[in-house]
Amino acid sequence: MPGSRKIILKHVMSGLCTKMNRIKQLPSDVMETPLNRCLNTFDITLLGVGHMVGAGIYVLTGAVARDVAGPAIVLSFALAASACLLSALCYAEFGARVPKAGSAYVYTYLSIGEFWAFVIGWNILLEHMIGAASVARAWSGYVDSLFGGAISDATVAVTGEMHERLLSRYPDFLAFAVCLVYALLLSVGVKVSAVVNGVLTVVNLAVMGLVIVVGFYYADEKNWTDVKGGFFPYGFGGVIAGAATCFYAFVGFDSIATSGEEAKNPSFSIPMATALSMGVVTLGYILVSSALTLLLPYYQINPEAALPEAFTNVGQHWVKYVVSLGAICGMTTTLFGSLFSLPRCMYAMAVDGLLFSFLGNVNSKTQLPLANLAISGLFSATIALIFDLEKLVEFMSIGTLLAYTIVSASVIILRYRPSFETTASKPVLTPGSEQSSTASDCSPISEIGNLAGTLKVQYGWLTPVFGRREPGTVVTAAVFVYTTCACALCVMFQVVDRDMSQGMWWTVLLAVIFIFIMATCMLIINAHHQSNTGLRFKVPMVPFIPALSILCNIEFMVHLNILTWLRFFVWMILGMLVYFLYGIHHSKEGESNSTYSILMTSSEAVKEKWGSTKTSIKSALAKRRSSDRTAIVEDEYE
């Protein structure tokens, strides 16, 4: 093998772990962006509400009420909203701290490292693509039902049926067109699309209000008490199972964080919009599900058209058409939310060098990444055209839950990491030096920043074990151990639940061990100082609320189908090819003038075969040796 090839391969393989764990450095002005900062709190709130209140309230509610939870779906929605609120608070803190597009991807890059950031970003892309495609098919199916199935019958007559397992029964050209049209509408400008989204969301909320008022007017409380099984026909287990399903009705709130780079005042708007949208959506879901289950017995609900048929049973046929209007508006805003978030995540990854550079281009006139929007619309439309999305929607949830888990972990890690300002200029204070620090050494604010990640005075007895570590490293390790034990505990509950219910000693012992380790990790984390410097909004009760969010998200993940996990690994293999063949070498957090880039530039300059570049490479290195020797050596051995 020629010597130049050996040098290049040595560079590529050296320091792989260091490159995968590179941390993103924020620019000095986090508000600077080529995108248009024009969204106010009201716009962002309606964006979040519109993304969450869509097909779920018109389809999901009926299916869960009839087959999973019964009238207790009200409690299922309350539990799901509580679990989702834990993650929403974590997103709100990051959105106020880091007002950048990319949402969970950016947050992970800042706290955990480049590799996990790419994993999250890659799955967010899939989540929004499948989300947009699934809503487009639901939109198409709802319109088709209003015409008595004429659209689907005509399509089958022309194209015939497809008989592959993963493909739909027929190609859905209406869903394909809907994706492209809405992507085109979003390309006009973020403010125009926000106004359209706001109008449609208000119409949808008005329809929900009408459903609630009319539903409670004709409500019969006997449908909660006298029907078979009463309020809990499926037991408390049904409530939990219903909560796991209803959880996905709230997942659209991450579009709020995605809008951070286009918000006028993100430090205020992102937390406020998150709180308002979660409150409105939770109240709406609980009231609509209450009205539905009070109108008729839960076992008579038609999951395909729950609300229209429920009002037909009480003689209010006109409500069917109002509900259809609300359903179309709601599914449109949900589609808007997915197509809004997807190109911005692609833009954030491309700007960092982890995706192809042309995806980071922003049109100077519209201040939008138009290429990303076109690609997003085309890919989502293609998926909607041919795939059976009932088999892929659950696939989408893995990426969502994984993102929520890592964002919750990132909140803990960053909260206990010394601030950038203080670590750059001040020495780290150890527990033994806390008492000796003087006012002349640092101001109160910088002192707090310097203490972040170090042991508190009352936990001085832990100094022999953890006191000599770099600030923040012990907390990061504790978060990793906690998450690993939470995974093991949830998997054990899922796999050996029957043995545990029978009191098998080894299952109980394992559960106690895992819970003890997790509690110890919480104690270790809580023993360190936090840094709250510069946070206008912060998650309360850190680390306990983010830790509870991690546990809830993992519990939902282990309930997913095994085939869903297999499809997830296939998608990840494709992502790893993109990262290791492109992203890791073009990352903006890497060395700007590494040996690898010098070698490649030299070999391309002479435009000869690999075996003949040896002399040119040596001369290029010799010319740079005097001025750039340090950088080359460091890059060789990182």
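Cβ coordinates come from backbone N, Cα and C, glycine included.
Caution: TrEMBL annotation is automatic and unverified by curators.
Look at TrEMBL and you will find 537-587 tagged as domain 'Cationic amino acid transporter C-terminal'. Helix, strand and coil counts from DSSP across the domain 'Cationic amino acid transporter C-terminal' (537-587) read 40 helix, 0 strand, 11 coil.
The feature transmembrane segment is assigned by TrEMBL to 44-65 (among others).
Counting residues 6+ beyond its ends, the transmembrane segment (71-92) has Cβ neighbours under 8 Å at 61, 64-65, 103-104, 107, 223-224, 227, 230-234, 238-240, 242-247, 249-251, 253-254, 256-257, 270-271, 274-275, 278, 281-282, 285-286, 289-290, 293-294, 298, 404, 407-408, 410-411, 537, 539-540, 545-546, 548-549, 552-553, 556 in the same chain. The transmembrane segment annotation in TrEMBL covers 71-92 (among others).
Residues 35-36, 38-39, 43, 132-133, 136-137, 139-140, 143-144, 151, 155, 262, 332, 335-336, 339-340, 366-368, 370, 373-374, 376-378, 380-382, 384-385 of the same chain, all 6+ positions outside the transmembrane segment (173-192), place their C-beta atoms under 8 angstroms from a C-beta of that stretch. As annotated by TrEMBL, transmembrane segment applies to 173-192 (among others).
Residues or ranges marked as transmembrane segment in TrEMBL: 199-219 (among others).
What TrEMBL lists as transmembrane segment is 231-251 (among others).
Same-chain neighbours of the transmembrane segment (272-298): 41, 44-45, 47-49, 52-53, 56-57, 61-62, 65-66, 70-71, 73-74, 77-78, 81, 84-85, 88-89, 91-92, 95, 205, 208, 211-212, 214-216, 218-221, 223-224, 227, 233, 246, 249-250, 253, 256-257, 306-307, 310-311, 313-314, counting only residues six or more beyond its ends whose CB sits under 8 Å from a CB of the stretch. Annotation source TrEMBL lists transmembrane segment at 272-298 (among others).
What TrEMBL records for 318-340 (among others) is transmembrane segment. Within the chain, the transmembrane segment (318-340) has long-range Cβ neighbours (under 8 A, six or more residues past its boundaries) at 47-55, 57-58, 128-129, 131-132, 135-136, 138-139, 142-143, 146, 178-179, 182-183, 186, 193, 196-197, 200-201, 203-204, 206-208, 210-211, 214, 252, 255, 258-259, 307-308, 311-312, 373, 376-377, 380.
The annotation transmembrane segment is assigned in TrEMBL to 370-389 (among others).
Here TrEMBL flags 474-496 (among others) as transmembrane segment.
Same-chain residues lying 6 or more positions outside the transmembrane segment (502-525) and placing a CB less than 8 Å from one of its CB atoms are 412, 416, 462, 466, 474-475, 478-479, 481-482, 485-486, 488-489, 492-493, 496, 543-544, 547. The transmembrane segment annotation in TrEMBL covers 502-525 (among others).
Annotation comment: TrEMBL describes 537-556 (among others) as transmembrane segment.
Residues or ranges marked as transmembrane segment by TrEMBL: 562-582 (among others). Here the transmembrane segment (562-582) has Cβ contacts under 8 Å with residues 115, 118-119, 122-123, 126, 354-356, 392, 394-395, 397-399 of the same chain, all six or more residues outside its ends.
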Message = Taking only the residues in the domain 'Cationic amino acid transporter C-terminal' (537-587), give me the average pLDDT of this model.
response = 88
Key: the transmembrane segment (231-251) touching the transmembrane segment (44-65) per 3+ Cβ pairs under 8 Å rule   = yes
